[in-house]
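> The structure follows.
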């Protein structure tokens, strides 16, 4: 049950999970929804209408998949197919919509997931077009492993392999000094993530259903966000 999270600095892991819930559970593009969770990491991209445009949760919430004669969104379709058609090679979600890229405040960094069920285990491969190694990468790698655990739990599978692919990993010049400090720090054993085993519906998870056990980490390091 080890979780891939940085130990050389403190990661705001609850903030990361709240952002995950905002995108995947609420399927929201409304920054005000995130603000209600006391999270402000998207404030810089907030548009006049309070949203980030047609990005992230907006794409997951579009009812563009057909299921039993009805239109459903990507998340509901994925959950249904994993339970009812586990051997499919089409367990994919996609945030990269070429028709709507110009309507997004920020084009998605993590844009695709592909899920595999083998021998009773749920495997996940994530694809990111771009990852800021100081800020975005630690959040994203942790978040999508949490997502894998959540979906494995509600679909009845054991946890399988987790693969995170990055097209362009980059370091901004202004982050170099603090990253050098971070690289010299002691690393600690990975903590364990507890997820409330009573939750059986993906939409019932709340932030209170997650606990990091024995999370030892270095001091906080500040990195400027690029807008």
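Don't overthink the numbers, they just go from 1 along the chain as shown.
Placement of Cβ uses the backbone N, Cα and C atoms for every residue, glycine included.
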> May I ask you to find which of 97, 140, 145 Swiss-Prot records for the dUMP site already listed with 89, 90, 129, 130, 131, 132, 170, 171, 172?
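Answer per Swiss-Prot: 140.
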> Within 10 Å of each Cβ, count the other Cβ atoms and name the one among the binding-site residues 89, 129 with the highest count.
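Per the Cβ count, the most surrounded site is 129.
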> Find, among the recorded positions listed as 109, 171, the one whose Cβ has the highest number of other Cβ atoms within 10 Å in the structure shown.
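It comes out as 109.
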> Taking DSSP as the reference, which of helix, strand or coil describes residue 129 (dUMP binding site)?
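Going by the DSSP assignment, residue 129 (dUMP binding site) falls within a strand, counted as strand.
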> Listed dUMP-binding residues 89, 90, 129, 130, 131, 132, 140, 170, 171, 172 - what's their greatest C-alpha to C-alpha distance in Å?
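Taking every pair among 89, 90, 129, 130, 131, 132, 140, 170, 171, 172, the longest Cα gap is 37 Å.
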> Between residue 140 (dUMP binding site) and residue 132 ((6R)-5,10-methylene-5,6,7,8-tetrahydrofolate binding site), how many Å separate their Cα atoms?
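Cα to Cα, residue 140 (dUMP binding site) and residue 132 ((6R)-5,10-methylene-5,6,7,8-tetrahydrofolate binding site) are separated by 10 Å.
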